[in-house]
Amino acid sequence: LFECSFSCEQEKEGDKPCKKKKCKGGWKCKFNMCVKV
């Protein structure tokens, strides 16, 4: 399993916009983890 983004706050680095980690096809985010759909 892979971690998804927690909150925007934790993803921010300095003045860069936050980027949310996406799950790939066939997976979805659930409880901050990528799970099979």
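Glycine is no exception: its Cβ is also placed from the backbone N, Cα and C atoms.
The disulfide bond annotation in Swiss-Prot covers CYS4-CYS18, CYS8-CYS29, CYS23-CYS34.
For CYS34 (disulfide bond), other Cβ atoms within 10 Å of its Cβ number 18. Around the Cβ of CYS29 (disulfide bond), the number of neighbouring Cβ atoms within 10 Å comes to 16.
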